[in-house]
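According to TrEMBL, the features are:
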- K386: active site, proton acceptor (ACT_SITE)
- H200, E209, E336, D361, S413, H414, R415, S416, K437: substrate binding site (BINDING)
- D287, E336, D361: Mg(2+) binding site (BINDING)
- 47-176: domain 'Enolase N-terminal' (DOMAIN)
- 184-474: domain 'Enolase C-terminal TIM barrel' (DOMAIN)
Amino acid sequence: MSVQEYLEKHLLSRKIEEAVNAAVRAKAPDPVLSISNHMRRAAPAVITSVRARQILDGRGETAVEVSLHTNKAVHRASAASADAPEGTASEAARDAEKRKLLARAVADAVRVINDKVSEALVGMDPQQQSQIDQAIMDLDKAHHKAEIGVNAMLAVSIAACKAGAAEKEVPLYKHIAELVGKSATTLPVPVITVINGGTHAGNSLPIQEIMILPVGAKNFEEAMQMGSETYHHLKDIILEKYGSNSCNIGDDGGFAPNISSISEGLDLVIEAINRAGYNGRIKLAIDVAATDFCIGKKYDLEFKFAEKSGQGFKTADDLIEIYSQLCSEYPLVSIEQPFDKDDWEHSKKFTTLELCQVVGDDLLMSDPERIKRAVNEYTCNALVLKANQVGTVTEAMEVVRQAKDAHWGVMVSHRSGDTDDSFIADLAVGAAAGQIKAGAPCRGECLSKYNQLLRIEEELGSDGVYAGENWRTAASTS
């Protein structure tokens, strides 16, 4: 083929002329760069390969990272492992075996992505998120996502989402907003972990997290400032009352003082809020993670210690009394997973009291069918969205729509021991969730999400709306 034939076949002369004219019309200060960018945009992006590797997450557990290559760039994403061990010291042998199984699962997922998934996606337009996600799901012949793994599926899906945003030349959160069908974006209220317990810390506290919501901040930047100041005042208080050994942190970055009661922990946090000068502007939340200490139909509040286990059994009705009392004594506005994952009866009984936001975690598992049941039965009134329970970005957006249609609260959440991928920050903004749970203002995998939200707010400028007091209704009104 001659040079002239090659030019004519690919219409290069016309395309170069168009690029030059565009640079002239724009009076580009750097015409060569302008022409280069114009030519680059003229060629549609297509996926050329998908490569996966094993990395380590915030706990040092194995996780999947994906590099999705297009003919223009490389886009990287990772997803936390949903099955990371969370046992106590007495379960070390079992946890060691779980870690081996997890490592093998990650290695298998890497092989599947590098072979089957990559082959299936080559040539696809990264802007077509739903088609890409469907192609990934079609590889799972049994339709239970075990063949590829939800974490691996999610990593590929997120990488494709990032590539789609890049091809549109828009920020990731705006691309997500367009996929969701939203014209407005909202900066979420951070649900900041300050005290850890349960299976996420080695203290006596049975519940998993005590958290703060800076709903009285004027913007997200101030919310993080309020949260950080309260967190550090809490450290000082714990040092004064319990000594330096009590300032160790748990899996989510919260402090883990050797306290045993919820009220003792809430008192510490209230004192820290008051010291920081934010009384009335910060609300409280707890993640009970009650499934971890449910035995039969009762709850063992001493489950972490063999010498006491069995002495503090509570019925579900006892827990309702405890939660009701806490809501009356503290500015407690949200309780996550207050009962066992299969205790629909008492979750409904507590939700109908309308004392606070009742967030379904294990109860829902971000599963559309379980969400549908919970909506119909009014078993809770908020969704905690853990994207790696779902599998793809498209499916995550669908369950957000479900929750919004029910006028629920939506809390986009990290996973304990997450990776440093900040995707959920953009997801929370693009989906106008109103709430994001990303751990403490401590640990890199937590800060990556909060710092990304600070960047997004700066970029949005006056268009950036902080959910604030509308933290529960932002999901349905934006």
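Cβ atoms here come from the backbone N, Cα and C positions, even for glycine.
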Using a 10 Å radius around its CB, how many other CB atoms surround E336 (substrate binding site)?
28
Out of K386, R415, K437, which has the highest number of nearby Cβ atoms, where nearby means within 10 Å of its Cβ, if these are the recorded positions?
K437
Could you give the mean pLDDT over the domain 'Enolase N-terminal' (47-176), rounded to a whole number?
85
Neighbouring C-beta atoms (10 Å sphere around the C-beta of H200 (substrate binding site)):
26
Helix, strand and coil residues within the domain 'Enolase N-terminal' (47-176) as assigned by DSSP:
67 helix, 25 strand, 38 coil
Neighbourhood of the substrate site (H200, E209, E336, D361, S413, H414, R415, S416, K437): other residues with Cβ within 8 Å of the Cβ centroid, in order?
T193, Q208, D252, D287, V384, K386, G439
Using the centroid of the Cβ atoms of D287, E336, D361 as reference, list every other same-chain residue with Cβ within 8 Å of it (recorded Mg(2+) site), in sequence order.
Q208, E209, V288, A289, I335, Q337, V359, V384
Other C-beta atoms that fall within 10 angstroms of the C-beta of D361 (Mg(2+) binding site):
26
Site extent for substrate (largest Cα pair distance over H200, E209, E336, D361, S413, H414, R415, S416, K437, Å):
16
